[in-house]
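Take a look at the structure below.
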């Protein structure tokens, strides 16, 4: 038995001894394969015109894929060549082209392109370097991600980028630095119709975390809590579906106010779903289905906040004008008018951004372009252009909602104060009434969209790069709107009483239909008279 254990111990030591040995203080993305390189007598390797000393080589049995995970591969030798000479990362062999999201099978020996690139040094100066003569081309690294899109600066100023001496890339449109793990370079046929190719950067189509807001906050994407927003948003949609179903099922919510609330919930749920589609890059950029998703998403966002304003106005009118009987006689026409106002206004705003996209050039220097479908299947919200088309309309509607909320709560407070003077209630009655008032104020605050006011503040903070905790807090509040609405409207004794009553009425109706197989003569006469 002891001999058996000794054999296993020796085997374990042997396995440890032959394990892969990474190069100390060398990132995997600064290495190249040396499988076909010449090995010198002193243990060094010659890679192109660079001699890599033995201490900068190591045995690897893995590669790092586009998700950052280690993937087991046959053991091979790698050298940390980027410590000796400036490296440039290509997606494939420098004589190949990208075919979709993969490298082409063919090597184009006659492929020619501009081999000189502008390289930004650490001190900020820009020098020109020849790709093949002045740098080491890394072309054996795994592709940086599953799906890519090219930054073609020749055709769009939105696609401007700068390459740095340390191998990182600066993307101009969102002012972001990308490591070599997040991009690669490759010749690409020019889209101007001329018969030559340019080196362009292929960067990743991100799969960002499932957060609400509208896919803009970098600090939320980088937050440790960002993954927690995925189940929160799914839960939010789930609870909104329950709330919508309850409003459709219960007769009480077939009133004017109930119909308006339900349309608000439906628009918000659709907005959530379309936003999810845009965040996950399900559709290819600049395709008809991508444009359709972006414009439909903008339409539902505007409709959501317009219905919220309608609800706020309707609640205020119910309290402030309830003495006027004419208000109660025109509910059907009011609902029709509300629909006309909401859908036509949302449609008009959507038409405006569509026309601007068609006739205004997409340019980073132009702050008036919505850029729907350019960077994601959504309106561009990472710059100040979002102020004109997105946050300005929302800010106006949110301010109107807050004003309606203030006027409504003030009216309730003043009226209750007058009632207390008239009734001269005892202390317990006053306390009970105060608790009831607080519940009313809270529900009004939720229904009238008071929490959305943080959305505008958070956008300004994001643009000015300040108060990041507030931005994250706002994003999670917005992400859980469906849960908040469910708690505020569904979780109360009145709602449970209505559900119980509805179920009991259905049971009684089904029992009566079962026991009465044929109508009696008096019921037939009644039916005839009703049919007259």
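Every residue gets a Cβ built from N, Cα and C, even glycine.
Database features (Swiss-Prot):
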| type | residues | note |
| --- | --- | --- |
| SIGNAL | 1-20 | signal peptide |
| TOPO_DOM | 21-229 | topological domain 'Extracellular' |
| DISULFID | 26-80 | disulfide bond |
| CARBOHYD | 42 | N-linked glycosylation site |
| DISULFID | 82-87 | disulfide bond |
| DISULFID | 91-184 | disulfide bond |
| DISULFID | 92-103 | disulfide bond |
| CARBOHYD | 110 | N-linked glycosylation site |
| CARBOHYD | 123 | N-linked glycosylation site |
| DISULFID | 145-204 | disulfide bond |
| CARBOHYD | 166 | N-linked glycosylation site |
| CARBOHYD | 195 | N-linked glycosylation site |
| CARBOHYD | 227 | N-linked glycosylation site |
| TRANSMEM | 230-250 | transmembrane segment |
| TOPO_DOM | 251-262 | topological domain 'Cytoplasmic' |
| TRANSMEM | 263-283 | transmembrane segment |
| TOPO_DOM | 284-290 | topological domain 'Extracellular' |
| TRANSMEM | 291-311 | transmembrane segment |
| TOPO_DOM | 312-339 | topological domain 'Cytoplasmic' |
| TRANSMEM | 340-360 | transmembrane segment |
| TOPO_DOM | 361-386 | topological domain 'Extracellular' |
| TRANSMEM | 387-407 | transmembrane segment |
| TOPO_DOM | 408-439 | topological domain 'Cytoplasmic' |
| TRANSMEM | 440-460 | transmembrane segment |
| TOPO_DOM | 461-469 | topological domain 'Extracellular' |
| TRANSMEM | 470-490 | transmembrane segment |
| TOPO_DOM | 491-532 | topological domain 'Cytoplasmic' |
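Cα of residue 26 (disulfide bond) to Cα of residue 110 (N-linked glycosylation site): a span of 35 Å. Ranking 230-250, 340-360, 387-407, 470-490 by CB pairs under 8 A with the transmembrane segment (263-283) puts 230-250 at the top. DSSP labels the residues of the topological domain 'Extracellular' (284-290) in these numbers: 3 helix, 0 strand, 4 coil.
Of 42, 80, 103, 110, all annotated as recorded positions, the residue with the shortest Cα distance to residue 184 (disulfide bond) is 103. Looking at 291-311, 340-360, 470-490, the range that has the most CB pairs within less than 8 A of the transmembrane segment (387-407) turns out to be 291-311. Sequence-distant contacts (6 or more apart, same chain, Cβ under 8 Å) of residue 166 (N-linked glycosylation site) comprise 122.
Using a 10 angstroms CA-CA radius around residue 91 (disulfide bond), the recorded positions that qualify from 82, 103, 123, 204 are 103. Here the topological domain 'Extracellular' (284-290) has Cβ contacts under 8 Å with residues 149, 205, 373-377 of the same chain, all six or more residues outside its ends. Taking only the Cα positions, the spacing between residue 92 (disulfide bond) and residue 42 (N-linked glycosylation site) is 31 angstrom.
Using a Cβ-Cβ cut-off under 8 Å and counting only residues 6 or more beyond its ends in the same chain, the topological domain 'Cytoplasmic' (251-262) has close neighbours at 244, 307, 310-311, 314-315, 318, 331, 334-335, 338, 447, 489, 498, 502. For residue 204 (disulfide bond) paired with residue 42 (N-linked glycosylation site), the C-alpha to C-alpha distance reads 41 Å. Closest in space to residue 87 (disulfide bond), of the recorded positions given as 80, 103, 110, 123, 145, is 80, taking the CA atom of each residue. Within 10 Å of the C-beta of residue 42 (N-linked glycosylation site) we count 8 further C-beta atoms, all protein chains included. Distances between the Cα of residue 80 (disulfide bond) and those of the recorded positions 42, 103, 110, 123, 145 are shortest for 42.
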